[in-house]
Amino acid sequence: LHTQTDLTIVKMTEREERRFAEVPRESIKLMAESSGVELSEEVAALLAEDVCYRLREATQNSSQFMRHAKRRKLSVEDLNRALRWSNTETICGYGAQDALPFRPLKEGELFFVEDREINLVELALATNIPKGCAETMVRVHVSYLDGKGNLEPQGTVPTAVQSLSEDLLKYYQQITRAILGEDPHLMKVALLDLQSNSKIAALLPYFVYVISGVKSVSHDLDQLNRLLHMVKSLVQNPYLYLGSYVRSLVSSVMYCILEPLAASINPLNDHWTLRDYAALLLSHIFWTHGDLVSGLYHQILLSLQKVLSDPVRPLCSHYGAVVGLHALGWKAVERVLYPHLPAYWANLQAVLDDYSVSNAQVKADGHKVYGAILVAVERLLKMKALSLTLAAEGSGAGLPGTTTGAVGFRENSPGLSPPPEPLSEPPLGIASHLQAGGAGCPWEEWTPVSLPAMYCELYSFFGDSLAVRFSTGPPLGGATPPGPCQPLEGRKEPASSAPNLENTRKMPQLTASMNISPRRDGSPRSPLSSSSRPGRSTSQSRDIFPKARFPLPQAGPPAFSFIIGGRQMGRRCQGRRFQTSFTPTPPLTTHPPRAYAHKLPVIGRVSKPVRRWTCSHYSLHLPL
Amino acid sequence: MAAVQDGPMELDAEKEAKPEILSDGTSNLSGNTASGTLSSSPLTAAPAGGAPKMEDQQTLIAVLQFLKRNKLSESVEILRREAGLGEHQEGSQATDGSGGGKGDGDGGDANSLLSRVSITSAAAPQSMPVKKDQPDVSVVLSAYSQQGDPPLYQVYYSGLKNFIESVLDCHRAELSQLFYPLFVHMYLELVYNNHETEAKAFFDKFSGDQECYYQDDLHILCGLTKKEHLKGNEVLLDFRTSRFVLHISRDSYQLLKRHLQERHNNQIWNIIQEHLYIDIFDGMPRSKSQIDSMSGSLAGEAKREVNKAKVFYGLLKEPEIEVPLDDEDDEAENEEGKPKKKKTKKDSLGSKSKKQDPNAPQQNRIPLPELKDSDKLDKIMYMKESTKRIRLGPENLPSICFYTFLNAFQGLTAVDFTDDSSLLAGGFADSTVRVWSVTPKKLRKVKSAGELNVIEKESDDVLERIMDEKTASESKILHGHSGPVYGVSFSPDRNYLLSSSEDGTVRLWSLQTFTCLVGYKGHNYPVWDTHFSPFGYYFVSGGHDRVARLWATDHYQPLRIFAGHLADVTCTRFHPNSNYVATGSTDRTVRLWDVLNANCVRILTGHKGPIHSLAFSPNGKFLASGSTDGRVLLWDIGHGLMIGELKGHTDTIYALKFSRDGEILASGSMDNTVRLWDSMKAFDEVETDDFTATTGHIHLPDNSQELLLGMYHSKSTPVTHLHFTRRNLLLAAGAYNSQ
């Protein structure tokens with residue numbers, strides 16, 4: 001009786017009168033069929049019941065082996081022993097010490113043990129032969145003297161790793177010295193090795209411990225940067241199983257993102273870049289190792305939210321929270337930043353409106369935060385639109401399954417330290433739903449806001465600076481893209497922003513490289529139409545909204561269409577066009593047009609254009 | 001069988017009557033299998049207790065059939081005339097009447113009944129005068145027909161439940177003991193007779209009423225729904241064939257008996273007769289807490305008579321050893337200002353060696369190996385050490401040294417220290433045994449035979465010369481087992497090591513050559529534990545085959561087999577005088593066995609979970625046992641009674657050890673703590689004279705908190721073993737658990 005294999009297709013049915021799992025007769029029949037036997041309904045039912053009983057019996061017997069092995073966890077080996085002693089074939093291939101991921105299949109109420117295929121050729125030809133585990137040994141220490149007190153307070157490093165071989169110890173010393181030392185070349189080499197060395201598992205706790213030292217070097221940006229690089233290398237090392245050390249790493253990274261570092265007292269220190277980098281690292285850790293610690297996503301969001309909602313914190317902490325959320329993906333922005341924006345706005349506004357000289361530094365920081373928020377919400381809007389489109393199109397012909405993974409984009413916002421690699425959001429759309437749901441608890445009291453409503457609200461904060469950045473199409477005439485080095489906003493405060501003080505709703509004033517000519521009244525009536533302008537490069541033309549001269553194409557619902565361009569997207573980089581349409585929502589009309597909003601200067605710049613461009617004059621271009 | 005002797009006359013008559021009918025029923029059974037009609041009819045009538053018309057008629061028909069079969073045609077005629085039954089009527093109902101007996105096919109029950117039947121067939125006609133004994137016969141018959149009436153089981157059970165709940169408080173607690181065994185037997189009977197749905201309903205209805213400490217068994221039970229399942233389940237088979245023992249006061253018992261007779265509740269009465277052993281005692285009924293403290297084992301409490309046997313728990317006389325060096329050393333000690341200690345030492349050792357303890361066994365009751373010179377040297381060392389022993393007490397707690405096994409990925413399953421704490425052995429789940437030297441002295445092998453020949457045998461340092469310096473190392477690995485090593489034990493002379501394993505063998509290893517000397521095969525199933533006698537030579541092992549075995553190192557077959565446990569023997573310990581062996585079992589009892597004749601001399605019940613650790617007090621008078629439920633129970637061996645309960649641990653207790661003088665009991669558990677208990681106080685508080693009172697039931701004070709002297713946490717290391725050095729330093733051992 002190969003009852004054991006049934007385990008994989010056990011359907012959990014909880015009947016009222018019995019509280020144990022049962023193998024449904026369908027599974028039995030399936031098993032029988034797979035071995036070429038037809039079973040009648042009754043036989044299957046009887047067999048199912050017997051199988052259940054035998055399984056329970058085996059489990060009960062196996063618990064004895066667990067107890068005598070002085071363990072709390074029942075292992076596959078225990079079950080195998082019980083089976084062996086009851087003269088039953090044992091199960092092979094499940095002896096690994098690690099927990100076997102038991103996954104549900106949503107559609108069929110099916111649960112199965114994930115069984116990854118192993119490339120034997122690769123394994124056989126692999127040059128990195130894993131080092132045998134450390135020697136079993138006995139260490140003695142006096143725990144309690146005369147029944148009083150603990151003599152040796154045990155440090156944070158687990159005792160099990162106190163037994164390091166000489167080589168490892170040497171390696172550890174060299175690596176840490178190289179990374180934290182002065183020589184940048186040496187550091188690079190060390191980091192590279194850390195990234196690829198397969199034999200340093202035993203050192204992991206040490207490295208994690210070193211990294212947790214960020215708290216003691218918060219005055220030294222350089223050291224912080226080096227430590228973050230070390231984190232990155234560890235995270236990228238494919239041979240390391242980070243396990244619960246992820247938590248420690250995340251807390252170190254979060255420290256760099258959120259804490260008002262001692263280094264940031266000096267305005268000449270570019271701690272912003274550090275925070276950006278740390279945020280990026282955070283998202284990287286989360287997307288690649290987030291499944292190691294349950295609830296990590298939720299915890300990160302919570303701590304970011306806490307910082308954001310704490311007005312006492314300095315602006316640089318807020319900045320960190322915003323870039324952190326941004327790095328965690330638009331979902332995080334939507335859930336945390338967006339609901340917090342109205343409350344936070346008041347504080348920011350107060351900072352930005354203070355023109356006193358003593359406030360100059362704080363104000364500059366405020367602009368940083370402003371810029372970060374702007375970038376975050378812009379992406380939120382874009383991604384939300386994209387996800388809506390994806391949802392609308394589903395897995396239709398126009399959308400191959402790979403697109404979700406391939407869609408990534410880069411904010412080219414100069415002041416905000418663009419991500420060095422396009423990984424800011426690997427899983428999008430549905431995938432990110434799953435990720436977020438799997439990694440964290442469901443976010444309560446959060447209701448999704450519709451895209452138009454969201455746009456309207458955001459528009460009320462940012463005005464046209466949002467709209468402008470949103471219309472990021474390339475110039476039709478093939479204008480040269482502006483250089484990536486836009487003038488940094490926030491550093492200097494131009495006087496030109498003063499006249500806007502009498503706005504109905506005061507907008508934060510930002511420096512910008514150009515001004516925008518006034519728009520026709522009522523341009524934001526339909527945010528979609530305003531946002532979907534095939535803009536030209538803002539630096540090229542003052543006539544930035546030529547759309548005003550266009551008649552609105554139709555009275556019907558506005559349509560979204562945008563292009564995802566990129567290497568994977570299609571031959572000759574043509575990109576793929578997605579379209580969606582909205583029915584106009586009532587709140588749109590209730591918003592009064594903001595007469596002065598369009599007068600606002602715009603910060604930042606839009607992205608690089610894609611060379612080829614399948615045209616659509618209402619399109620949202622997502623460059624890659 | 002107190003219960004049966006106690007039974008009144010009518011019961012005896014009843015029993016005589018019953019078999020005849022049964023023989024009738026069973027003989028009919030062969031012809032008839034299906035009977036739906038009758039089985040349902042008594043459902044309404046029988047529980048009321050009266051004998052309604054319908055039933056009477058069936059009774060008559062059944063009797064008629066019986067008479068016919070025995071060719072008593074005259075009686076048939078008479079009966080038929082008197083009852084006014086027509087021939088056709090009888091025929092039409094015949095199937096029903098006999099069909100009711102279907103349930104009688106139930107295994108042990110029926111068989112044992114049948115065996116009794118055979119003797120009484122001759123007497124049948126006499127006991128059959130229908131008119132005279134009408135009520136009796138109907139009672140018997142209704143029971144007989146109801147036996148096949150699965151739905152009635154619920155009625156019976158709830159009837160008894162209602163009765164027990166309605167009796168006086170003092171009796172209620174005692175009679176409540178009946179619930180669990182009755183429940184199990186009724187359920188098993190239903191299952192055995194293939195009444196699956198009824199069995200399920202019965203289980204669902206009443207399983208919630210059972211005491212919480214039976215939950216584990218109920219879990220197993222609820223999975224059993226088919227007769228076939230019963231066959232393989234040895235534990236439950238044992239439950240069926242052995243008798244569940246209850247202690248009930250005479251008053252309560254009478255009450256129960258009267259009730260059952262009044263209600264003619266023969267189903268329950270049968271179960272009580274067949275499967276239960278009611279140990280009746282005179283005196284006050286016990287309270288609920290008293291009962292709870294003693295119950296919980298798989299087969300009820302121990303019969304009182306079992307624990308009546310005399311146990312020689314005293315220690316053997318210490319051999320007289322001249323200690324030439326000792327005096328000098330002691331002198332030195334004296335000068336250092338410790339004359340007190342010397343005095344106590346002399347008292348304790350001196351008195352022991354001179355006077356024979358009245359409770360001690362004869363010196364040669366068990367043949368013990370003669371002391372070798374090296375043993376004598378060791379004894380001298382021991383005495384020297386013991387003079388430096390720290391006197392422990394509530395104010396003077398021991399220091400604890402923790403031996404942490406690092407990188408024990410393969411799973412540490414057993415640990416032992418030598419008595420002098422110089423060696424440490426660990427058994428691992430990867431089948432290896434590893435020995436470490438705890439002292440700076442390294443472990444060395446003896447040289448090979450060829451090299452040994454070269455050595456000059458007369459030289460003074462020959463013992464040093466035979467060792468191969470090249471092999472010196474801190475630890476040695478012993479390979480040989482083919483399964484996890486669940487038990488290890490050093491011989492007292494440190495020359496041997498025993499290990500017991502899942503592969504069914506016990507192996508004896510030499511610590512001179514670090515090779516396996518013998519593999520003792522006999523258990524055939526996993527051997528959970530093994531322990532050397534304190535004098536060496538003998539050792540005991542216990543395993544999954546539910547027996548403990550006594551071995552001698554030079555015999556490849558066991559000398560004694562200690563059989564009686566209803567489930568696995570999980571731990572084994574030798575008494576300090578080597579005359580007795582204690583075993584703990586999954587059936588939640590501790591048993592004490594006499595090595596001389598393999599008799600079970602004590603059955604100690606009260607644990608609510610499998611027992612995983614045992615420890616004798618150094619004076620041999622007391623026994624401590626720890627189980628998976630996190631409680632330590634203390635037992636007085638002489639009287640076979642529980643004298644203490646130490647609550648506090650939250651997980652299985654895997655290690656128990658008394659300090660060298662017995663003042664302190666240390667317990668180590670999976671919950672990563674070592675707890676120290678004031679065993680002196682626990683023993684003193686119990687006035688041993690109380691036991692001699694007839695009932696033998698003592699009320700345990702709930703004083704765990706007062707007795708707890710200290711609790712010591714390890715960070716993440718379950719405590720697998722505890723050991724007191726000769727100077728009363730406490731050594732603990734366990735494997736670091738990184739999770």
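Using the three backbone atoms N, Cα and C, a Cβ is placed for every residue, glycine included.
Residues annotated as region 'Disordered' in TrEMBL: B:1-52 (among others).
Per TrEMBL, compositional bias 'Basic and acidic residues' is recorded for B:12-21 (among others).
Taken from TrEMBL, the feature compositional bias 'Polar residues' covers B:24-43.
The region 'Disordered' annotation in TrEMBL covers B:83-111 (among others).
Per TrEMBL, domain 'TFIID subunit TAF5 NTD2' is recorded for B:148-276. The average pLDDT the prediction assigns to the domain 'TFIID subunit TAF5 NTD2' (B:148-276) is 82.
Look at TrEMBL and you will find B:323-371 (among others) tagged as region 'Disordered'.
Summarising the annotation, TrEMBL assigns compositional bias 'Acidic residues' to B:323-334.
Per TrEMBL, the feature compositional bias 'Basic and acidic residues' maps to B:346-357 (among others).
Secondary structure by DSSP for the repeat 'WD' (B:412-446): 0 helix, 21 strand, 14 coil. Taken from TrEMBL, the feature repeat 'WD' applies to B:412-446 (among others).
Long-range neighbours of the repeat 'WD' (B:478-513) within the same chain, counting only residues 6 or more positions beyond its ends whose Cβ lies under 8 Å from a Cβ of the stretch, are 372, 374-375, 378, 411, 413-420, 422-423, 425-435, 443, 445-446, 519-521, 523-536, 539, 541, 543, 551, 553, 572. Summarising the annotation, TrEMBL assigns repeat 'WD' to B:478-513 (among others).
Counted with DSSP, the repeat 'WD' (B:520-551) comes out as 0 helix, 19 strand, 13 coil. Positions annotated as repeat 'WD' by TrEMBL: B:520-551 (among others).
Break the repeat 'WD' (B:562-603) down by DSSP state and the numbers are 0 helix, 24 strand, 18 coil. The repeat 'WD' annotation in TrEMBL covers B:562-603 (among others).
Taken from TrEMBL, the feature repeat 'WD' applies to B:604-637 (among others).
Taken from TrEMBL, the feature repeat 'WD' applies to B:646-678 (among others).
Within the chain, the repeat 'WD' (B:562-603) has long-range Cβ neighbours (under 8 A, six or more residues past its boundaries) at 235, 238-239, 242, 296-299, 302-303, 306-307, 309, 311-316, 360-361, 365-366, 368, 487, 528-535, 538-544, 546-550, 609-616, 618-620, 623, 625, 627, 635, 637, 640. Sequence-distant contacts of the repeat 'WD' (B:646-678) (same chain, at least 6 residues past either end, Cβ-Cβ under 8 Å): 386, 389, 391-394, 397-398, 400, 609, 612-619, 622, 624-628, 630-634, 704-724, 726, 728, 730, 732, 734. Broken down with DSSP, the repeat 'WD' (B:478-513) shows 0 helix, 19 strand, 17 coil.
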